[in-house]
């Protein structure tokens with residue numbers, strides 16, 4: 001996944017804590033074992049510091065996963081790592097909720113907080 005696709009814009013309210021929530025209910029990737037498509041909802045919640053993620057660039061970044069063979073846990077952690085590196089937010093949480101496969105669903109959540117050991 002090319003994190004270079006992600007763009008930012010300046011946060012006009014860097015002295016205020018506020019939460020941004022971004023939801024993509026149409027995320028797709030590919031199971032690395034079966035080669036079958038995986039469908040999920042990606043939710044990003046963060047408190048920005050100096051910059052915010054630009055949504056069109058995030059959309060194109062997500063498309064990079066469409067044909068990638070990658071496990072749910074790797075999707076979730078990769079998105080978190082790339083966004084933390086880019087945004088340097090105060091806090092950031094990524095939750096991926098995957099559609100049922102064989103009657104089983106999975107939700108993966110990973111969080112970052114500025115100042116925590118990485």
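Glycine residues also receive a Cβ, built from the backbone N, Cα and C atoms like all the rest.
Annotation source Swiss-Prot lists active site, thioimide intermediate at 31. Here Swiss-Prot flags 38 as active site, proton donor. Residues annotated as substrate binding site in Swiss-Prot, with sequence analysis given as evidence: 53, 54, 55, 72, 73.
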Note: in the chain of the residue listed as 'active site, thioimide intermediate', residues six or more apart in sequence with C-beta under 8 angstroms of its C-beta are 37, 38, 69, 71, 101
Of all C-alpha pairs drawn from the substrate-binding set 53, 54, 55, 72, 73, the farthest apart lie at a distance in Å of 24
In the three-state DSSP scheme, the residue listed as 'active site, thioimide intermediate' belongs to coil
